[in-house]
Amino acid sequence: MAYNSSLDQFCGSKFWDDNLTWYTETPDLTPCFEKTVLIWIPCGFLWVAALLDTYYILNSKEHNIPWNILNISKLITTILLIVLKFVDLGVTVHKASKEEEDVFNVDYYGPIVKILTFALAATLLYYNRKCGMRASGVMFFFWLLLILAGIPQLRTEITNHYDLADDENVQYNFVSYMIYYPMILLMFVLNCFADLPPRDSPYKYEKNQCPEASSGVPSRLTFSWFDPLALTGFRRSLVESDLWALNPQDSSKEIVPRFEKFWQRALKKRDAATGAKATYSKTSASVNFKPESERKPASILPALCLAFGSQFLFGAFLKLLNDVLMFLSPMLLSLLIKFVESNEPIWRGYLYAVALLACAIAQTMFLGHYFTRMYLVGMRIRTALTNAVYRKSLRISNAAKKDSTVGEIVNLMSVDAQRFLDLMAYLNMVWSAPLQITLALYFLWRILGPSVLAGLAVMIVLIPVNGLIASRVKNLQIRQMKYKDERVKLMNEILNGIKVLKMYAWEPSFEDQVIKIRNKEMHVLKQTAYLNSATAFIWSCAPFLVSLMSFGCFVLVNETEVLDSKRAFVALALFNILRFPLSMLPNVISNVVQTAVGIKRLNKFMNAEELDQESVEHDPKDPNPLSIENGHFSWGDASEPILKNINLQVPRGHLVAVVGAVGCGKSSLLSALLGEMNKISGRINTYGSVAYVPQQAWIQNATLQDNILFGKSLDKSKYNNVINMCALKPDFDMLPGGDQTEIGEKGINLSGGQKQRVSLARAVYCDADNYFLDDPLSAVDSHVGKHIFDKVIGPNGLLQHKTRVWVTHQMSYLAQTDLVVVLRDGEVSEAGTYQQLLEKKGAFAEFLINHLSDAERTSPEELDEMKQDLESKLGSEFQNKLQRARSLSESASESEVAAGGDRRGSAKRRTPEDNAEERKEKNKLIEAEKAETGSVKWAVYKQYLTSVGVMASIVTFLMNMVLQLFQVGSNYWLAKWSNDTQMLVNGTVDKARRDMYLGVYGGLGIGQDGSVGPCCASDLGVGVVAGAVLGRAGRGAHPPREAANGSVASAIYRVLRLHSHRPDPQPLQQGRRYLGQHAANDSPGLDRLLLLAIASVVAQLLLLLGCWRAAKILHEGLIQNVLKAPLQTFERTPIGRLLSRFGKDVDVVDTTLPMQLSDWWFCAGQVLGTLFVISFSTPIFMVVILPIGVIYYIIQRFYVATSRQLKRLESISRSPIYSHFGESITGATTIRAYGLADRFVEESERGVDHNQACYYPSCIANRWLAIRLEMVGNLIIFFAALSVVLGRETIDPGIVGLSISYALQITQILNWLVRMTSEVETNIVAVERIKEYYDTPSEAAWNLPNGPGSTWPETGALQLERLTLCYRPGEPVLRELTCTVSPREKLGIVGRTGAGKSTLTLGLFRIVEPSSGKIMIDGIDISTIGLHQLRSRITIIPQDPVLFSGTLRMNLDPFESFTDDQIWRSLEHAHLKTFVQGLASGLLHEVSEGGGNLSVGQRQLVCLARALLRKTPLLVLDEATAAVDLETDDLIQKTIRTEFASCTVLTIAHRLNTIMDSTRVMVLDKGQLVEYAPPDQLLQDKNSIFYSMAKDAGLVN
């Protein structure tokens, strides 16, 4: 009888026939089915899927693929197919007209449907070509479906043809189909290839293009286009040039604008919602700004969703398909078991086996492409966020900058943006897990009925517990991030100030601070570990408890039904499906929580206040290029303005000098003009381009030439002119690489004076209209200063026609300026020309008199001129005032930081024929980051495992093996149970037997439960739960005779009995009797079980705690070795690279590696267990184990080699992003002043793109591996099923269930195992990168046992005996120095740039060790004592005043070895007492990062206070009064004279007047001691070098 009469009519024959198709030994389909369903499905697919192609066509930015043999062939074949179908239709019409044969509707509709569909295919083909789509998945699958659906009809046509009598004519249908089928085969083959690249594209393609675009659909489906890279990676270690360029669609240029568009929308919305930023109050006529805190921040989340949502949704659709297919396998398993139990035709067995394979392959494909989509979305989000954070950091206001340190902002980039990437792949589990759970429960209900509810109850109970733990983990996460930020920030400061730390011997104090933070971090991590174990335990128990409860209820409630193999194993397969969403859900939730924390941090930063672009007007109509009217300015939200009532007009081309005492607001005035300060009221106008020379030069990590060009093109003659004018030529000649010498981060290998002149040269080369010069002459010698003023700044210099605002302490040049502005306490106290101000007899005249008393020894002409000026204006007053100033300053001398000899420039001149490129290579200071190659060395594993502890490793391994045995045992027991034919006696269940099976199953289950679930530390609780249940069962819960009747089974049974209406005590007693006997016979078994559960917990926890211990040990070793490295190491290594060790790599060792190791152990056990079960069940399977194993091994080796190296390259490409980022934040003011923000943003984008180009192949490598491995797994499923079909006569249904349900898990586990192997191998690279710094050479020991006595040095006598110092072997900087300095002597050390003055101090502190000769202090050779024993007993006031964030007290006395009184006394002598008393927190005043909240002069005074505290008998002054005004300089000199009168003082000076009152002078030239005598004696010798230097400086006539 027909199923559907209308379809029967439509075809004129039966639509479906069971006897023909199913109940037969030779299955076939009806012609009607072949002509309808098998045609409609592929055609229907194309009509629906065409929408997808249309979407791509409409959104494509590329156009116009040239016509070529491929697309022409496709078009012609499609047209021929349409023609063929028209002919078919014509033949049908012809037949109908002759009325010889019956013609039915199906004969018309078939060709018509195909004609329309092929016409659609041709249209898509044309538009795909026009819109640049090189390969269409839709078309590929359409032709594939047509081929598959055409196979039955092909078989029918061929059999019909053979059935024809010999004399009959060949049927038209046969001929037509024989033409049609090869044509669709041809179309399928043609659609396997990709078309040529489009002609019109907005993207710029690079040479090494990613092959993905040019590969066909099959290659894309299986990621075969990755093969060449995998092969290369296997043959040799990959290098950067092997990688492809990033797809243009994924580059910053495409992604950033897309995100920016939606983010700007969000900001507009926020501003509209929160109303105006400020309110105007009429009463006080003032503007009140709304604090940022009151404004609701805009969130980045909606912007991200709108920018990248569509791709995400497509991925989610693939995941949905995969989830639905997942439930097909258990259904097929049920059919396969039924096949073994009954005697169905053999072809069905093969059908089920093939169906299992097809289902598994489809799942593999969907999942592979789902992950690729998600990684791509994650990558794009990371690109967008990293660039957004960078752009923001260049615009952020100074007040907002205080809230976030460089370390924190780098973390936003490295950690929080990365979280999105990690989360993306699993975010869909949020909806997918509940869907899988629901479907699984639905199918389980159909198999086990209401018993499933018992299992469901277990799950529901567990969810809130988990929620509780998750929220606790979230809080710990926030705390851990806080500590990590603190630690990285502190490390950043330590690395920036390492030179000072070494000279003060302060490393131990700072190491303790880091370790203190680290211990807090470790404590939090340990708590997180325990909580994670609890969660993981709960979810690993869940699947087993659910199956135990469900099976238990089923067998206890149903007295007439048994648990047969079909029920048991299909249910088990479904429970296995349940396991994944249940164990993943908590992980995903905690990941979502972590990302939410990241979003919060990003929102806070992205909503931070920006510099007001509008605060400075740029009106070209103004008469003067620079003007301020009634300006009030503050830093940040401080209500107190720093600058008040500023009125300033600077005419074009004028030179304006700004003078005043330290801290009066001179630098702030420049910042106000640059728009860096908050304008409270008033008006600023500047027009024309700007160049800025900051007080502390900002030097990039690049060559000297790049630093000066600063992005402009090289004009050789202009460049050389600028270098000469800025007095850089001699320095370049000294440097081994000339202007191609690479400068370390922050200009570490240049002296202060050189940095300052490079900074000035950059400004001069820039050729701007307006120049803001913040005391650029402070760090250069007097003769160089004069040269620079005359040639560059002054009225006849290079900048004579430019507008210049010049903050200065050099009084001698003021007469040559057009305008002098005197600042006092943030207000302009006077302004006018030099002469006008003298006539006023006001603050300026006072200022000059103070300067005169200092500078009496500078060139007499200048002095006389000044004296005359003052005398004529002030009359008799002048002499009195001058006398007073003199008596104040006695013989105080002015000192200035000089361009100290370049530390690295050896005295060896370079030969002119050196090639510039060679020079560049030879003088690369920063070493390229080393990428380890090949497999990770065994030594790295050994180091890690010994840190973890050998015992922990061995115990973990053994416990995993035992637990695997239990797991296999419990499932094998289930198979035995389900095969038991004696369970039913007269239609009812044999209860004693049932209870025995259930009891043992429960016991084995609890045993294995110690290690279910690939989550680490899963088992703290299993033991506890099992112990509680079993413990109570065995002891004391009941009277002794009822011992052990509290088994899980009977407990469930009792609960169910309460709700069933037939009270029947019989089974219960039988169960008790059985279990009682069992307990009596085998009570050690229960104890063993308990022990096992506890042991499993201990094993897991042991491994975890071992990993934590390793993390602690590795970090301690890292910090100790880094701090003990010689200073040269830090000059060669960018700070970003070191910080990424302390940030990212330590993070991997802390959090990632422990999880992965634990997972790896688990997976390895699972794989062995599975292979054992399948081989045991169907021995024939062993035949394929070996070939499959070989394939598996090959794939794994290919993958691991490539993946590991990709990960390394990715790590290396990450460091420069953060280095460039840190550098940009530090120099943000300079970058903004020059208006180069866009260029730096582009550089940052290039860095991010380069990093993504290294990251993308490693994502693809993952999917490439997954697809190949899952195919191996799919083959295992197929062969397991095939073995069952072939051995159906000899095999039990239970064993079939066991074998196949294990095989179904294998794909995932195999995949996990390789993934884990490679993840462990890849992440162990972090240990390798940390270990790299274990092996760096360290400096000499800090302390030696037989060091000098506690009072050494008592006198400070110094002897140098034939001292030679080198930076590089064979290139001495100081040669054969011999001299003696008596106790309490004051020695001045002078010499031209590069003479080796600074090197001598480095030798004294053993920063550079002598290559021959020795230094003796108080008769002890300093190379025989520990470094700290030396460095802590002599004192230096360094050239750069470095402060660390922390309290002021910590900056003075980090070891807390002095009393507060002593500290106050030192502050008083350093003239800081009043300042510190004025601070709210006094000594506990928080100093910001790098001392940013103190002026440079104040920082210098803090360094003086440090020296006063230590007060050692030997003091070294390294050009110590660099950035201070004359008054402060005066104070410092006076303090040094009085407080250090009893000490030996070595002063390195470029300003000779500083050392004119020394007892002796040492003159160095080209690294040799040329003169050594008292200054007066040397001045009498007209031929001495000292005399010529003094003459240059104008100290002698």
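We number each residue from 1, going along the chain as drawn.
Keep in mind that glycine also has a Cβ here, set from the backbone N, Cα and C atoms.
Curation plays no part in TrEMBL annotations; they are all automatic predictions.
Here the structure is a predicted model, which means the values were calculated and not measured.
Annotation source TrEMBL lists transmembrane segment at 37-57 (among others).
Listed as Cβ neighbours of the transmembrane segment (69-88) (distance under 8 Å, sequence separation of 6 or more from its ends, same chain) are residues 110-111, 114-115, 118-119, 121-122, 125-126, 129, 176, 179-180, 183-184, 186-187, 190-191, 193, 195-196. Feature annotation from TrEMBL assigns transmembrane segment to 69-88 (among others).
Counting same-chain residues at least six beyond the ends of the transmembrane segment (108-128), those with a Cβ under 8 angstroms from any Cβ of the stretch are 35, 39-40, 42-43, 46-47, 50, 53, 57, 65, 71, 74-75, 78-79, 81-82, 85-86, 88-89, 92, 136, 138-139, 142, 195. Sequence annotations record features per position, and here TrEMBL assigns transmembrane segment to 108-128 (among others).
Remote same-chain partners of the transmembrane segment (135-154), defined as residues 6 or more beyond its termini with a Cβ less than 8 Å from a stretch Cβ, comprise 28-29, 34-35, 38-39, 41-42, 45-46, 49-50, 52-53, 121, 124-125, 128, 177, 180-181, 184-185, 187-188, 191-195, 215-218, 220-221. According to TrEMBL, the feature transmembrane segment maps to 135-154 (among others).
Listed by sequence, the residues of this chain that lie at least six past the ends of the transmembrane segment (174-194) yet keep a Cβ under 8 A from its Cβ atoms are 70, 73-74, 77-78, 80-81, 84, 87-88, 91, 134-136, 139-140, 143-144, 146-147, 150, 153-154, 157, 160-161, 213-218. Look at TrEMBL and you will find 174-194 (among others) tagged as transmembrane segment.
Under the heading domain 'ABC transmembrane type-1', TrEMBL lists 313-594 (among others).
The transmembrane segment annotation in TrEMBL covers 349-371 (among others).
Sequence annotations record features per position, and here TrEMBL assigns transmembrane segment to 423-445 (among others). With a cut-off of 8 Å between Cβ atoms, the residues of this chain six or more beyond the transmembrane segment (423-445) that come close are 312, 315-316, 319-320, 323-324, 326-327, 330-331, 370-371, 374-375, 377-378, 381, 452, 455-456, 459, 550, 571, 574-575, 577-578, 580-582, 584-585, 587-588, 591-592, 594-595.
Residues or ranges marked as transmembrane segment in TrEMBL: 452-473 (among others).
Residues or ranges marked as transmembrane segment by TrEMBL: 536-557 (among others).
If you look up TrEMBL, you'll see 569-589 (among others) marked as transmembrane segment.
Annotated domain 'ABC transporter' per TrEMBL: 626-850 (among others), in sequence order.
Residues annotated as region 'Disordered' in TrEMBL: 885-923.
According to TrEMBL, the feature compositional bias 'Low complexity' maps to 888-899.
The compositional bias 'Basic and acidic residues' annotation in TrEMBL covers 901-923.
The domain 'ABC transmembrane type-1' annotation in TrEMBL covers 1089-1322 (among others).
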Average pLDDT across the domain 'ABC transporter' (1358-1591), rounded to a whole number: 84
